[in-house]
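Copied over from TrEMBL, here are the features:
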type	residues	note
BINDING	71, 72, 73	FAD binding site
BINDING	233, 238, 241	[2Fe-2S] cluster binding site
DOMAIN	4-103	domain 'FAD-binding FR-type'
């Protein structure tokens, strides 16, 4: 990693997108080649003029003009200050950082399982599939506690018209399916084993989903999880921690090795999927 000095980032627009979350559109001042080379699942560091910096996932990747989107929850001082800024505010940006989702180049069956704000990390990959930029067959199951906890509403409405996309809700409702994503795996996969499984969301859901597919016969090296975390260095550039160097996307066999070695990536607080 190398991007020690923040570059200018302009806040263009934002709107409410789920309980306590906002969907932000930013523009990088004078985007570089590495910005255009970002891949789904990577993260960027956002800083405010008064201080403070935190990592967040890209919802959409930077385009040639430097525009990209991010979903951010109001959970701490930095995000609270960000929510109060007007359009046109100048922020700091570094990135992209980390390892993203794997790239699939053949007609494989891919299952994406997301929970809550974890859908943000998968959004750019889902958009690629929806836009037919990728040759794989993608199915998605997305779970949330309540309807007001669901995020990326505008995107989900479009995705559901294009690909198999199941939504679940833990609390009783007349909208969507009652339960959790694990309850609907058989329906979504229609008896066919996925070639790869991608998981993003709260830690219990991630690990339960990964273990479920292990038991069903998907190898650990064909399962990936997004382990959002707070970087110990708070910078993303030191290369000394597994979170910045190996994550935020981990192949599950690699994740289990890190666990066994006592280097278990912690799951997020402020930033990443919020």
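Cβ from N, Cα, C; glycine included.
Because TrEMBL annotations are produced automatically, they should be read as predictions rather than curated entries.
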* Structure fact -> Averaging the pLDDT values of the domain 'FAD-binding FR-type' (4-103) gives 96
* For residue 73 (FAD binding site), the number of other Cβ atoms found within 10 Å of its own Cβ -> 23
* Structure fact -> Comparing local Cβ density (other Cβ atoms within 10 Å) for the binding-site residues 71, 72 points to 72
* Structure fact -> Helix, strand and coil residue totals from DSSP for the domain 'FAD-binding FR-type' (4-103) stand at 11 helix, 45 strand, 44 coil
